[in-house]
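Quick look at what Swiss-Prot lists:
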- C85-C96: disulfide bond (DISULFID)
- C107-C124: disulfide bond (DISULFID)
- 1-29: signal peptide (SIGNAL)
Amino acid sequence: METQRASLCLGRWSLWLLLLALVVPSASAQALSYREAVLRAVDRLNEQSSEANLYRLLELDQPPKADEDPGTPKPVSFTVKETVCPRPTWRPPELCDFKENGRVKQCVGTVTLDQIKDPLDITCNEIQSVGLLSRLRDFLSDRGRRLGEKIERIGQKIKDLSEFFQS
């Protein structure tokens, strides 16, 4: 009688544990990859944006060192660029082409890899000076090349004059 009662009690506990295991999803099923968490942040940026077009991930900086806890905020840095897709279409940004001369934003903050908690703290700022810096670099490079050519010609003339007076 005692063994039947113990067996019945053990059976109930086994059933409860089985039900609990089925109801609570595993932690690995809830964890996102670093890239997935960043893509979720880009989606959130598009949801909260009042701009006409969607943004798409352009560049993702290296992920931080591995951390076993998906709920721990991870530092993140990435760049997004404006696409040709209008926001109201809600097309997945990955399917949209980048807009020529579209806006580029540098985003920094923290994400978690936990799908349930999902706290994001991301700030994005438009990179306005990229075109200006590029033009300035090209201008200085061109001027430097021209200056170098002039100095070379002056040096050659000095050498020619030196040879002329020595002969």
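Each residue's number is its place along the chain shown, starting with 1.
Keep in mind that glycine also has a Cβ here, set from the backbone N, Cα and C atoms.
DSSP gives C85 (disulfide bond) a strand state. Following the DSSP three-state reduction, the secondary structure of C96 (disulfide bond) is coil. Here C124 (disulfide bond) comes close to L45, V80, K105, Q106, C107: these same-chain residues lie at least six apart in sequence, with C-beta atoms under 8 angstroms from its C-beta. Under 8 Å, Cβ to Cβ, and six or more positions away along its own chain, C96 (disulfide bond) finds L54, R56, T83, V84, C85. The 10 Å shell around the Cβ of C85 (disulfide bond) contains 21 further Cβ atoms across the protein chains shown.
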